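Scroll down for the structure; my scribbles are underneath it.
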Amino acid sequence: MAVVAESAIRSDDQLSGTGAGRDQEFQSDVKKLVDLLSKLNPSAKEFVPSSRAGVLAADGRQAGGHRLSADAPVFVSSAEYYGNGGSGGDGSIKDSSSDGSSGNQNNQQQRRRRNGYNQGRRRMSERARRAQKEESIRRTVYVSDIDQHVTEEHLAELFSYCGKVVDCRVCGDTNSLLRFAFIEFADDYGARAALTLGGTMLGFYPVRVLPSKTAILPVNPTFLPKSDDEKEMVTRTVYCTNIDKKVTQMDVKIFFNKYCGEVSRLRLLGDHVHKTRIAFVEFIQAESAIIALSCSGMFIGDLPIRVSPSKTPVRPRVTRQQFAN
């Protein structure tokens, strides 16, 4: 019995010691909390009703004259935290106690709206371009079996009786001595009227006129002739395509000098994207340019070339020194 009583006394002592430790820990936590709360300013913005909220002065004083303790936690209003009057980009009020996740969500939503708007604009512009191209095709006719001596001016003059001609582009054909052309009218009525001219004798051959399946690629207006002298240069210039990349500028010049006449200026162009090159060849005599049109289908290197009248002159290159002056 004495042993049992002693064990019970020890258990009671242990329990009382544990309870005392818990009381001390609780009192310590309460003391810390009281110490923290004592440093708070009850006149700070977060604790003042909106109806009575004043404006902080530049020195940090509230309208009531109270000042925060030196080691007190700093509270920032939502307007100061987000930097735009406390509202998000969509006009919603943000809470200053938040961790910024709502702001990130709003920014993401704005980005999505912006991306969607830009994609919508791109789709609309693509539709507009497609519609413009289809409308241009309806206003264009394809003319084939054109005599070598027929110029774009002759062709435009003939088809001007059907309607206003906006553009006329004569091209060389590698499979025939004859050429073909695309003629674009101001409206589709002119294009439909032009179909009735099929079989008309132009030069020594009757031309064929069909609805076009492609639109005429516009010429950069900065390349077009700007003076009477440049217009005269265009009559002596041809546009040559499908030139073998192994061919040099001297090879092209020797070819046209031999078969057409003396070349005044030549510009051979190419890049790493296209498999062939192009050239603008200016002759001394306009007759040489007309002869050059019959060279379509002839080989320079391993490929047959295509020759058509040029719409742009071969302008002299501007050196860096001239540009600097």
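Every residue, even glycine, has its Cβ placed from backbone N, Cα and C.
These numbers come from a predicted model, not from an experiment.
Quick look at what TrEMBL lists:
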type     : residues : note
REGION   : 1-26     : region 'Disordered'
REGION   : 86-134   : region 'Disordered'
COMPBIAS : 98-109   : compositional bias 'Low complexity'
COMPBIAS : 110-122  : compositional bias 'Basic residues'
COMPBIAS : 123-134  : compositional bias 'Basic and acidic residues'
DOMAIN   : 139-214  : domain 'RRM'
DOMAIN   : 236-312  : domain 'RRM'
Intrachain neighbours beyond the compositional bias 'Basic and acidic residues' (123-134), with Cβ under 8 angstroms and 6 or more residues off its ends: 215
Tally of residues which DSSP labels helix, strand or coil - the domain 'RRM' (139-214): 18 helix, 29 strand, 29 coil
Segment confidence, the domain 'RRM' (236-312), expressed as mean pLDDT: 91
Secondary structure content, the compositional bias 'Basic and acidic residues' (123-134) (per DSSP, counts of residues): 12 helix, 0 strand, 0 coil
